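Undergrad: Below are the features I grabbed from TrEMBL:
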- 16-36: transmembrane segment (TRANSMEM)
- 63-83: transmembrane segment (TRANSMEM)
- 95-114: transmembrane segment (TRANSMEM)
- 126-144: transmembrane segment (TRANSMEM)
- 151-168: transmembrane segment (TRANSMEM)
- 188-210: transmembrane segment (TRANSMEM)
- 222-246: transmembrane segment (TRANSMEM)
- 294-313: transmembrane segment (TRANSMEM)
- 320-339: transmembrane segment (TRANSMEM)
- 345-368: transmembrane segment (TRANSMEM)
- 380-398: transmembrane segment (TRANSMEM)
Amino acid sequence: MTRHRLDPARRRQRRIGWGVVATALVLYLGVGWWLSAHDLIFPDAMSRVANGYYTMRSRDPHLAAIGFVWNPLPSLAVIPLLLLTPIWPTLASKAVAGCLVSVACGAVTAGLMHRLLALLGSHGPARILLTAAFALHPLVLLGATTGASEAMLLLTCAFMAVRLALWLGDPKPWLLVQVGVGAGVAYLVRYEALAAGAAIAVLVAGASWWRSRGRKGGDGAIGIACLDVALVIAPIAAAFGLWALASKIVVGSWLETFTSQYGNSAQVGAFRASIDGIVGTGGGAQLAYVSEQLLRTAPLAIPLTIIALVVAWRRREPALLAPVFVFGSILLFQNLAFLRGMSFGWIRFQIAAVPLAILTAGYLVAAVGSGARGRRARRTLAVGLVAAVVLVLPLAWVTEADPRFGREEVLAREVAGGDQYGMEAAVARDIKSMGLGEGAVITDVAYSFPIILASQEPKVFTITTDRDFEDRLADPGGASVLYALVSAPDSAPADAVDKAYPGMWENGAGVATLAREWKDGRGLTWRLYRFNDA
């Protein structure tokens, strides 16, 4: 029995691929450390860490505490790291656990992009430069270093695109199984995966039918196409159904993101006025806004995709369809969601345009570089394509710093400048120093999660994921709840404590007396009220 050995060229390419992953890993770790050290933390990323934290270190630890508003995998992935919080507290308090997960996802994604470029025919310095342009794009770099779920979404999408591109060249069923599993995992990361799953199903159906129609006849071709589509959609359908069923059993709702007061729909509705104040009102203003976002972050994505599709059609090279269908569907879904009033329209939602631009540029570089005629002109055009992709990076970085488009990023800098997380850590320390018993402070962790993550005694808090939260909120005196911790309605519009006791923030609602108050440099304020019958 002899071992299969790769030829020297393939071994070299594999080493380069691992080198890309290692380089990206070091880069992202360094940037992530710097961001964390300067409190440049994205609340969305920190909240995903908090959801995992509640399953282990809350007063009522249980797996369902992870919540059903957001997909579970980003929070599940940090749980092993959060076991180390007793010796490394910033894993929780600074959401470093989420950063480490996103760094790993981002580094592997860079390696997969390098592989995809090779599958599309790009090699040599152009492939390295395009991979670097992807890894250094602000949407990709910040997604990989802040703990944002975009890094994990890109990883699953890149995996699907690689396996799908291979299947388009060699129709082995096992490759489709891998694509399907990737789609199922992607759904456990973000809801946008449904769009990718649908797009892949359409592509697989068409490609499978086209291949089979000649040798099997019409009915046979349709049957084969249906079987191939089943391999792709079964995992994501199972993931969707099981997650919805678990949500229904535990919280009574099939899709919490739409029905919960903490869900995406409710959050967008609560901040509609502020969104409209920046974007403008009406479909025209929203379309202009997302179009300008796209033009500023990945201006070449759409034109290069159109040109590349035409070239691929003429050259009969279907592999390009894999990344176009996967990443294009994600981009379309995210922008349509904003146009329908279902999204905040954060600039990071344009992230799928980045791999589209990089991969189509790589394909075109390979296409124009082939052939002997006009070699100098072809080389000049290829160099121009790579240079164009690299030279638009500064525009994307400038856009990230623009308050109109980089709203989330600018807010993160303002929060760090106002020392919000330092103030919330002080809240946690001061409450710990009071020597309170278990569950003595009731709070809504949809808003107070940074305080819980910073606390050395999280069991002091009764939080919304506790199974007895509503009972304890209804009868705080009988449940030995002494205090309520609340923030202002403009920053916590759906606070469960303030809704149960209207006016709690302003004056204690006649049932509690102000005990402490904390304020950061921006004016964000937390108040601790003591219940009068405590």
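Cβ coordinates come from backbone N, Cα and C, glycine included.
Remember, TrEMBL labels are computer predictions, not curated facts.
Relative to the rest of the structure, where do these features sit?
TA: Beyond the transmembrane segment (16-36), the same-chain residues lying 6 or more positions past its ends with a Cβ under 8 Å from any Cβ of the stretch are 90, 94-96, 99-100, 102-104, 106-108, 110-111, 114-115, 128, 131, 135, 141, 144-146.
Remote same-chain residues near the transmembrane segment (151-168) are listed as 73-74, 77, 101-103, 105-106, 108-109, 112-113, 115-116, 119-120, 140, 143-144, 175-176, 178-179, 182-183, 185-186, 189-190, 192-193, 196, 200, 203-204, 207, 318-319, 321-323, 325-327, 330, 351-352, 355, 359 (criterion: CB distance under 8 Å, separation of at least six residues from the stretch ends).
Same-chain neighbours of the transmembrane segment (294-313): 137-139, 319-321, 324, 328, 331, 335, 347, 350, 353-354, 356-357, 360-361, 363-364, 367, 388-389, 392, 395-396, 398-399, 402, 405, counting only residues six or more beyond its ends whose CB sits under 8 Å from a CB of the stretch.
Within the chain carrying the transmembrane segment (320-339), a Cβ under 8 angstroms from the stretch's Cβ atoms is held by residues 116, 120, 153, 157, 160-162, 164-165, 168, 192-196, 198-200, 202-203, 207, 283, 286-287, 290, 294, 301, 305, 308-309, 312, 345, 349-350, 352-353, 355-356, 359-360, 363, all 6 or more beyond its ends.
Beyond the ends of the transmembrane segment (345-368), by six or more residues, the same chain brings 113, 116-117, 120-123, 126-127, 130-131, 133-134, 137, 139-140, 142-143, 148, 150, 153-154, 157-158, 161, 275, 279, 286, 289-290, 293-294, 297-298, 300-302, 304-305, 307-308, 311-312, 315, 320, 323-324, 327-328, 330-331, 334-335, 337-338, 378, 381-382, 385-386, 388-389, 399-400, 405-409 to within a C-beta distance below 8 angstroms of the stretch.
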Undergrad: Residue list, the transmembrane segment (222-246) vs rest of chain: Cβ under 8 Å, 6 or more residues beyond ends.
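TA: Apart from its flanks, the transmembrane segment (222-246) reaches 64, 68, 71-72, 171, 173, 176-177, 179-181, 183-188, 193-194, 197, 200-201, 204-206, 208-209, 212, 216, 254-255.
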Undergrad: Within the same chain, where does the transmembrane segment (63-83) have neighbours whose Cβ lies under 8 angstroms from its own Cβ atoms, ignoring anything closer than 6 residues to its ends? I mean 6 or more beyond.
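TA: Contacts of the transmembrane segment (63-83) (Cβ under 8 Å, skipping residues fewer than 6 from its ends): 48-49, 51-57, 91-92, 97-98, 100-101, 149, 152, 185, 187-191, 243, 246-247, 250-251, 253, 256-257, 260, 262-264, 465-466.
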Undergrad: Which bits of the chain, at least 6 residues beyond where the transmembrane segment (380-398) starts or stops, bring a Cβ under 8 A of a Cβ in it?
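TA: Distal contacts: 126, 129-130, 133, 136-139, 296-300, 357-358, 361, 364-365, 368-369.
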